[in-house]
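Trainee: Take this structure, written in structure tokens, and hold onto it; I'll ask about it next.
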Amino acid sequence: MQLKEIIENNAEVVSDQILRVDSFINHMIDPNVMMEIGEEFARRFRDDKITKVLTIEASGIAIGLTTALALRTPLLFAKKKVPSTLGDSYVSNIYSFTKNESVTVSVAKQYLKSDDKILIVDDFLARGEALKGLAHLVKQADAELVGVGIVIEKAFQGGGKALRDAGVRIESLIKVSSLEGGKLHLEE
């Protein structure tokens with residue numbers, strides 16, 4: 001996969017906690033990279049009979065769409081504001097350390113059912129707060145969380161380990177071991 005080279009050549013280390021990938025993943029999107037990401041997640045979860053891909057707006061939508069296309073299944077994204085038109089919904093609170101704020105996310109109950117087999121996808125996994133919030137939506141619906149696909153896991157922030165220890169299957173395409181000294185260090 002060319003993703004590793006793209007990240008090594010284009011990602012910007014902002015601090016020892018923050019990696020910026022907005023030139024190809026979460027601001028300006030390279031569709032070829034997104035298709036490759038979606039196809040790789042589909043390959044890893046192809047035999048799991050996924051019925052829906054779940055993500056969070058906005059950064060997860062492109063990743064979710066290409067994954068859903070490759071799996072030939074619907075994409076459902078959690079909304080960060082509960083619109084008045086949403087009706088009966090599952091709701092979860094998520095704290096963002098990057099933005100230093102809490103956000104309420106929601107999914108309409110009519111789109112997340114107890115017989116669903118869910119694959120959650122997102123761009124980053126750091127402390128795991130977004131994933132915990134999305135998993136909480138799945139649990140409220142009594143649906144099955146089959147696994148999680150992450151483009152970039154900041155392994156040094158511990159979210160992935162905690163979720164794996166809790167029994168969640170996580171497939172990360174890239175694992176960052178450190179951003180110390182302004183340098184990107186990847187796990188092999």
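Placed from the backbone N, Cα and C atoms, the Cβ positions cover glycine too.
Just so it is clear, the model here is predicted, and its values are computed rather than measured.
According to Swiss-Prot, the xanthine binding site annotation covers Leu19, Asn26, Lys154. If you look up Swiss-Prot, you'll see Ala126, Arg127, Gly128, Glu129, Ala130 marked as 5-phospho-alpha-D-ribose 1-diphosphate binding site, on the strength of sequence analysis.
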Trainee: Around the 5-phospho-alpha-D-ribose 1-diphosphate site formed by Ala126, Arg127, Gly128, Glu129, Ala130, which additional residues qualify by having Cβ within 8 Å of the site's Cβ center?
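Mentor: Other same-chain residues with Cβ inside the cutoff are Phe97, Leu125, Leu131, Lys132, Gln157, Gly159.
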Trainee: Neighbour count, 10 Å Cβ-Cβ cut-off, for Lys154 (xanthine binding site): what number do you get?
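Mentor: Counting Cβ neighbours of Lys154 (xanthine binding site) within 10 Å gives 23.
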Trainee: Just give me the nearest neighbour of Arg127 (5-phospho-alpha-D-ribose 1-diphosphate binding site) among the binding-site residues Leu19, Asn26, Lys154, Cα to Cα.
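Mentor: Nearest by Cα distance to Arg127 (5-phospho-alpha-D-ribose 1-diphosphate binding site): Lys154.
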Trainee: For Lys154 (xanthine binding site) and Ala126 (5-phospho-alpha-D-ribose 1-diphosphate binding site), what Cα-Cα distance in Å is obtained after rounding to a whole number?
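Mentor: Computed Cα spacing between Lys154 (xanthine binding site) and Ala126 (5-phospho-alpha-D-ribose 1-diphosphate binding site) is 5 Å.
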Trainee: What's the CA to CA span in angstrom from Leu19 (xanthine binding site) over to Ala130 (5-phospho-alpha-D-ribose 1-diphosphate binding site)?
Mentor: 17
Trainee: Might you list, by sequence position, any residue in that chain lying six or more from Glu129 (5-phospho-alpha-D-ribose 1-diphosphate binding site) with a Cβ less than 8 Å away from its Cβ?
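Mentor: Spatial neighbours, sequence-distant, of Glu129 (5-phospho-alpha-D-ribose 1-diphosphate binding site): Ile94, Tyr95, Ser96, Phe97, Gly159.
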Trainee: Among Leu19, Asn26, Lys154, listed as contacts of xanthine, what is the widest Cα spread in Å, to the nearest whole number?
Mentor: 16
